Structures are given as structure tokens and as C-alpha cells.
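The next block holds one structure in the form of C-alpha cells; read it before the comments.
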Amino acid sequence: MKEKIRYFIAGIFIGLSELLPGISGATVALMFGVYEKILTFLNKFKEIHLIAPLMLGMILSVVAFSSLINFLYENFSNIFNIFIAFLMIGYGLYLVIKTYLQENVRKGIFFYINLFSAILVGFLLSVFYLSGFSFQEPELLVLFTFGFVACTFLLFPGISGSAFLLSVGAYPLIIGSIANFNFNVLLPFGLGMLMAILIMPRFINMAYKKYGESILVFFGGLIFTAGINNFL
């Protein structure tokens, strides 16, 4: 019973972390010691007696806190945007610096090319977003893709799915849709998440072991740039 309560509480914090750009749900799962159980369940569908309370905690957390975040975004948008911007800038710097300081990381030209590419992509996304493109009524395939990528990041330690959504300008739409139960957005987004859950876990460990540092540096640079763009 105590173990189930621990998983339920972990689910609450994982759900909240996935709503805030700059906090990785997978990292929170590692902190609570439940990350391996989650991957085991997704790969082999075992440990359902522990995963069920965790999923319940995540769902309740996402539904409850999305309304609060949406309220803050709609009524205190300037202050909230500044808070999110600093959160993302700090998180992006943390990922890059933490990776750079690891002894086994190669700090040659590829490291800097990777970082520069991330910053360039981040600014291109900003230009695209500021040019007037809107995600108010995006295509179903776009929402599906966002759900797939965001959920993949949820499973990847160190990377925030909501930070990705903010970097492409879709964060307010998704948070608002969760808070207001807008199923026109949530259904394709949720299907993308479900597809990621079904096919990605077996590849995540492989990618993390082989290219983990490069992935963290790239998305650290991208998230940092998205935070800067929030001031534009």
C-alpha cells in the first residue's frame, strides 16, 4: 500500500513537471525511483499495480494544475511569460553546462556545431512564429506530431516536453485545451502521445546511451533560445 501511495505522489509531481517548461518529467521520475518501472511497463506491460496509481496521479495533476496555469497565462500573461522565459533560459543553460562539465563528453568542434545548430533552429522558429503564423487552429497532423514529440521528451530524462511545445509556440494552445477540455485539439494530440508510448520506449534507452550528450546539448540550446525569444 505504501508503494502505491509513493507512485501516486510521484505521478502528481511528474504531471506537474510536464506542465512547466524547464522541468523534465522523466527526471522527476528518476528522483522518485520510478523511471525504470515506467519503461518496463511500457516495454513489457508489467507492474500494472504500480503504474495505475502513478497514471492516476499524473492525470489528476495535469487536469488540476493546467487550469491554474491557464488562468495565470490569461490574466497575468506578462508576468507569467517572464517567469517561463527565465525558467527556460536557466534550464537550457543547465543542460548545456552540465553536459559540458561531464568528463566523458567530447568538447571538440562537433559540440559547438551542435549547440550553434540548436540556437539557429530556435531563432528560425522564432521568426516563423513572429511572422504571424498561429497555432489557434492547427492541422490535425501538426497536433499529432506535437503530441508524439512532447511525449517522447516526457520519456527522455533531462528534456521537457512542455519546453518543446513552448519553443514551437504551441504551449498556450495545449494548456488552454487541457484546462477547457477542447477535444478537437486534445484527441489528435493525445493520439500522438499514445503512438509515442507504444513505439518509442525501446528506442529511448538506445538513443540515450549512444547519443545522450549530443541530444541534451542540442535541446538545451533550443530551450535556451526559446526562453530568449519569449522576450521578443
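Any Cβ shown, glycine's included, is placed from N, Cα and C.
As written in TrEMBL, here are the features:
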TRANSMEM  7-30  transmembrane segment
TRANSMEM  50-72  transmembrane segment
TRANSMEM  79-97  transmembrane segment
TRANSMEM  109-130  transmembrane segment
TRANSMEM  142-175  transmembrane segment
TRANSMEM  181-199  transmembrane segment
TRANSMEM  211-231  transmembrane segment
Contacting positions for the transmembrane segment (7-30) when only residues 6+ beyond its ends and CB under 8 Å are counted: 37-38, 50-51, 53-62, 65-66, 69, 84, 87-88, 90-92, 153-163, 165-166, 171, 175, 223, 226
For the transmembrane segment (211-231), sequence-distant contacts whose Cβ falls under 8 Å of one of its Cβ atoms, 6 or more beyond its ends: 21-22, 81-82, 84-96, 98-100, 102, 104-105, 110-111, 114-119, 121-123, 125-126, 129, 153, 156, 158-160, 163-164, 166-167
